[in-house]
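All remarks here apply to the structure that follows.
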Amino acid sequence: MPITAEEIKNKLQSPGDDLVFFVNGKKITEKNAEPEKTLLTYLRRNLGLTGTKLGCAEGGCGACTVMVSKYHPHQNRIIHYAVNACLAPLCSLHHCAVTTVEGIGSMASKLHPVQERIAKAHGSQCGFCTPGIVMSMYALLRNNPQPSMHDVQEAFQGNLCRCTGYRPILEGYRSFTKDGGCCGGKAQSNGCCMTNEHTQDSTLPVQKLYDQSEFMPLDPTQEIIFPPELMVKQPQRELRFAGERVLWIQPCSLEELLELKATYPNAKLVVGNTEVGIEMKFKNLFYPVILAPAYIPELNIIQNTQDGIQVGASVTLTVLGDVLRAAVKKLPAHQTEVFKAVLEQLRWFAGQQIRNVAVCHVPEDSEIKFFIPISDLNPVFMAASCKLTVMSKGTTFIFPVQGSKVYFSAFKQSPRKEDDIAIVTCGMNVFFKEQSNIVQSIRISYGGMAPVTVLATATCNRLLNRQWNEELLEEACTSLAEEMNLSPSAPGGMVTYRRTLTISLFYKFFLNVQHKLSLDLLKEVFNIVCHDRTLFLCLQAVPPGYSDDVVGQPIMHLSALKQATGEAIYCDDIPCYENELHLALVTSTKAHALIKSIDTSDAMAVPGVVAFISAKDIPGSNMTGPVVYDETVTCVGHIVGAIVADTQAHAQRAAKAVKISYEELQPVIVTIQDAIANKSFFQPVRSIERGDVAQGFKDSDHILHGEMHIGGQEQFYLETNCTLAVPRGEDGEMELFVSTQSASKTQALVAKALGVSANRVVCRVKRMGGGFGGKESRSTILSTVVAVAAHTVKRPVRCMLDRDEDMLVTGGRHPFFGHYKVGYMNNGRVMALEVTLYSNAGNSLDLSLSILERALFHMDNSYNIPNIRGTGYVCKTNLPSNSAFRGFGGPQGMMIAESWMSDVALSCGLPAEEVRRMNMYKEGDFTPFSQRLDNFTIDRCWEECMQLSDFNKRKDAVEQYNRQHRWTKRGLSIIPTKFGISFTAAGALVLVYSDGSVLLTHGGTEMGQGLHTKMVQVASKTLGIPCSKIHITETSTNTVPNTSPTAASASSDLNGMAIYNACQTLLQRLQPYKDKNPKGCWEDWVSISFCIVHLSANGFYKTPDLGYDFETNSGRPFNYFSYGVAVSEVEIDCLTGSHKNLHTSIVMDVGKSLNPALDIGQVEGGFMQGLGLFTLEELRYSPDGYLYTRGPGMYKIPAFGDIPIELKVSLLRDAPNEKAIFSSKAVGEPPLFLAASVFYAIKDAITAARAESNLTGPFRLDSPATPERIRNACEDKFTKLCPPADPGTFIPWAVQV
């Protein structure tokens, strides 16, 4: 008999069972296990193990990866597997052993080789993702001590890194693989990725970034022993864990499960929690009773039957994959077509951590419903006629073996190949009559084309008894275009693309089957876009160091080892104060509305809630946010208030319970086009002009017009915004621990909000888990709220935003729209340019004007246009305010420049590289803003990059490939960048103690870029002492005041000079004592002077002669320029729009590198971030301003598999820069734009595809070049069957903002 809600509440009052498990070898007995608590929360809050990080709370980034071990009685062995601690329910770990990053090694005891190698290979920058990557590798090695490189890459499918660009991680861990390197160690003198040697034809000496011979060997005896008591067979019994709201029941038999399901008919079955956990957290679904059937023997069955392989419903996807792989090896090939298709889908399904715990979705009623529209496996099950058995003996799947003359294929198309949700997925199965090519039966099923997985029944019926030939193909394509129709407003958008995919994927199937039937010899074996990285060559040309000089040496990031062991402290890792409270934001759900009322009664009734904070509680000024009028919200995600409670879970639950009533206002302006139509702009409008533009157009042979839209980008720092505010209880003092690039701005705005002077507020920053500009100004919207809350409740308050909150409220890179008119000669020489830029600023000006100005400063990129006019508008819209992001408008301005340059080359019919080279600046030329280009090195970078990439030979090979292949095309592009460097001032404080140790403080913050490491190198060289004597603890406003934000790539320049000046002051004070004892050492001079001489010195540096006037087009906006050139080659699949990055060569001018390891890390990391911007990352908004892409599930940043298969990075030699510290150059932002070489290589490949359809000349390709845009641009007979609906005739699901 079903149980009532009241009876469930009563059961929650009765005590549950003890939860027994082990963490890092230590036994834990939890008497009050909370079913709603995840393993991650328990590790961090209950056990204080903060090495495991929260990155997304949805199993999409891998920062929370730990290893779980358990004894498997059926297999009589211990199994180890990586899991996402953010999804793993605490209650699922009974009799398991958990190993975290702290458990495998530490700085204090002994490092594990997995920790050491990622650090020494320079694979840890901000370090926030590092523990998760370490644990993924560790779990792999526990199962396979000598993996292949393929195994390593597969293990990392569920891990993301935003800083490094992945290359150094793979390179460091390659040393664990069977061959130890891509060349097996046979090419030590020929570009071996582990020795970092140059190619044989180079006569220049090269410096190694690290020495692999110093790595510790892998020692299995260091591993934690699996607890013997967990190997004793436990008597099977039902377990119950009662929490605050949820009852967790773990039955031990199928009979128990069926009885429980009858008693609790609405109970949810949970095995891996990969779906239910996300539903409860992000969809606000609540399940008061959870049944966990993972250990029921009947549901873990795996057996061979005459029909196929029978698999229990609790068998994980990893085990399923192992079973099917074994069957494929054993059985005849024709019988395993379905198995291979399932394996192919599993290969790209989620990450390893999810596959290790997830199971095939089992419907909880007796009728199978393929209701997950984008399931990877459901179309396979449907097409293969897999049997789902739901009965008293257990729920099982049967994967059928195939007979002869049956052909089966499965396809999945997603924005990113690894760990991504499908756009369209399908399974196709055809059976032919004996000894013929006549179709006896056919099943074609699709996911992503309806709310449920669908069979193309009408099409299948039309194809019966037809010969498998071109006529059948034509009939099938026409029929699919009719049957697989979608409303132009369909959820998910991409309607034209999805409809085209149904036909394109069938064509792939048609060719595969035709090839297998051997009825027609195909010119092209159809196996498009194989993403295996059998070879991953990385060549790094690094200028040699300066002998004993510490500057110029590839010193490891000073925090890398701590980051790899989980001992590095980030903001949320600070131990909780005894009376600390947690804060959750209450945000607007409307884009433009008047708040009528706020009802907090339900929220205040949630257990543990202390207060609701609103604008009324602000003691000072509320003028730090985006609007003046407190009662008006101007975007979805506008902060309305905050809930303060005893735990984060209570605060978040209460925040969702706050009811706000609105009066919606018009207009709602979301897109740039909306802003243009409504003339919604921030003032002023900016323009730069040089020469006589009108005359330039008259003198030109041709004029072309064009447009381009560049999408926005989320910073996706792995550590979300976090603030801990501690009121000091007297004189209005407040101490803030903040993850921010802008300590002084945070201090100033908090003081303003609290109504106190800045000297009462101290802001401290230890390190950040990434910033990229996103924490320059936008971090203050959280820190001010937390500070006001702490002031109100007079207790410490902490808030670390969840990923979805962070993405919603903080904004990102500005979307840009550019319109251009270009005048050019027959030979490709550009004579005149008029460009108009529009940026989508969101609901406040923030830094948008400066970003637009930089876009105008870079509208020429590296090209000398004699007559040029640029105008820029900042659009005011109802989106969260966009802000700084690596490049700060420069990439958008340069991208539009490369668009018109590409159009000119296509119009002239000339090679793009020739047109670019012809128009390039030369030494001594002047920019449109009248700044002379001195020490101009792009021409050198260009020539070196052409040589490094073997461009001409590569181009010939691309052209030959394209002649031989119809449905895959390759493209090649070379792109330069010229990036201006300017920022204001910095300060430093250097303290020398009596023992000779030095404490260094400066105004810059460490966010992974290695700033602290470089600053220690600068101080070490200046003072003439080893780096080991110098320490940096943190950045704080009570040591160095009034600092510039750590931004604009200039922090090493500014802070380095400030430190140099401070150190020079100290050396002058110590000089008399050095003169008295010339043979003495540093310690001697300090010991005799510390009580006589003031061994503390401030340093300050301001960039000289900076300033620009837009009215007169005069001044000097930049101190100097950084230069670089990249060549990229890609291959596109013309049928699906997928692409793979085959090759990239980069030559970067970083002056005289302070630290080549860190600089190459910045080049590669910036390049990969640009790769995301230009080819992958897409923010998707509804027409009313709601952000769909609020986490790694829908927003895809580049993963390990997106690195170019061949990557070469070289730093330009002999290019000192006298305008920065020790002749170095800024390196953070300039390399990002070089990823445009991938975009224009894609455009080159599309040009080749369009030529097959007799389409020539310029065409518009917006950024990012997603599979959708690539496929739609490759117009052919299939795209013509799916014409797009006319704009204005429907309301789209998503709009281009």
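Cβ atoms are placed via backbone N, Cα and C, with glycine included.
Unlike curated entries, TrEMBL annotations are predicted automatically.
Some features that TrEMBL has for this protein:
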type	residues	note
DOMAIN	17-104	domain '2Fe-2S ferredoxin-type'
BINDING	C56, C61, C64, C86	[2Fe-2S] cluster 1 binding site
BINDING	C126, C129, C161, C163	[2Fe-2S] cluster 2 binding site
DOMAIN	241-462	domain 'FAD-binding PCMH-type'
BINDING	L269, V270, V271, G272, N273, T274, E275, V276, F349, D376, K412	FAD binding site
BINDING	Q741, F772, R886, A1048	Mo-molybdopterin binding site
BINDING	E776, R854, F888, T984	substrate binding site
ACT_SITE	E1229	active site, proton acceptor
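Shown on the structure are the features that TrEMBL records.
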residue: C61; record: [2Fe-2S] cluster 1 binding site; Cβ contacts under 8 Å, 6 or more apart: G55, C129, G132, N159, L160, L718, R803, P1192
residue: C86; record: [2Fe-2S] cluster 1 binding site; Cβ contacts under 8 Å, 6 or more apart: T38, L40, L54, G55, C56, A57, E58, G59, C64
residue: C161; record: [2Fe-2S] cluster 2 binding site; Cβ contacts under 8 Å, 6 or more apart: C129, I133, I169, L718
residue: V271; record: FAD binding site; Cβ contacts under 8 Å, 6 or more apart: A292, P293, A294, S314, T316, V357, A358, V359
residue: N273; record: FAD binding site; Cβ contacts under 8 Å, 6 or more apart: L87, A88, P89, S92, V357
residue: F349; record: FAD binding site; Cβ contacts under 8 Å, 6 or more apart: L317, R355, D376, L377
residue: Q741; record: Mo-molybdopterin binding site; Cβ contacts under 8 Å, 6 or more apart: M768, G771, G773, K775, E776, S779, T1005, M1007, P1045, T1046, A1047
Cα-Cα, whole number of Å: T984 (substrate binding site) versus C126 ([2Fe-2S] cluster 2 binding site)?
25
For the domain '2Fe-2S ferredoxin-type' (17-104), DSSP counts of helix, strand and coil?
16 helix, 31 strand, 41 coil
By a 10 A CB contact count over all chains shown, which of the recorded positions listed here is most packed: E275, E776, E1229?
E1229
Give me the CA-CA distance between C163 ([2Fe-2S] cluster 2 binding site) and F772 (Mo-molybdopterin binding site), in Å, as a whole number.
9
Please give me the CB contact count at 10 A for R886 (Mo-molybdopterin binding site), counting all chains in the structure.
28
Distance in Å spanning the most remote Cα pair of L269, V270, V271, G272, N273, T274, E275, V276, F349, D376, K412, given for FAD:
28
Neighbour tally for C56 ([2Fe-2S] cluster 1 binding site), based on other Cβ positions within 10 Å of its Cβ:
27
What whole-number Å value do you get for the CA-CA distance of C126 ([2Fe-2S] cluster 2 binding site) and F772 (Mo-molybdopterin binding site)?
11
Binding-site residues listed as C126, C129, L269, least Cβ neighbours within 10 Å:
L269
Counting other CB atoms within 10 A of each CB, which of the binding-site residues F772, F888 comes out lowest?
F888
F888 (substrate binding site) and E1229 (active site, proton acceptor), Cα-Cα, nearest whole angstrom:
8
Restricting the comparison to the binding-site residues E275, K412, F772, A1048, which residue's C-alpha is spatially nearest the C-alpha of F888 (substrate binding site)?
A1048
If you count CB neighbours within 10 Å, which one among the binding-site residues C64, C163, A1048 has the smallest count?
A1048
Going by C-alpha distance, which of the binding-site residues L269, E275, K412, F772, A1048 is nearest to R854 (substrate binding site)?
A1048
Cβ-Cβ under 8 Å from K412 (FAD binding site), same chain, 6 or more residues apart: which ones?
E344, Q345, W348, D376, A422, V424, T425, C426
Could you tell me the C-alpha distance between F772 (Mo-molybdopterin binding site) and E275 (FAD binding site) in angstrom, no decimals?
31
State the Cα to Cα distance, in Å, between E275 (FAD binding site) and R886 (Mo-molybdopterin binding site), rounded to an integer.
34
List the Cα distance (Å, whole number) between A1048 (Mo-molybdopterin binding site) and L269 (FAD binding site).
51
Span of the substrate site, taken as the largest CA to CA distance across E776, R854, F888, T984 (Å, rounded to a whole number):
17
Would you mind reading off the Cα separation of R886 (Mo-molybdopterin binding site) from L269 (FAD binding site), to the nearest angstrom?
44
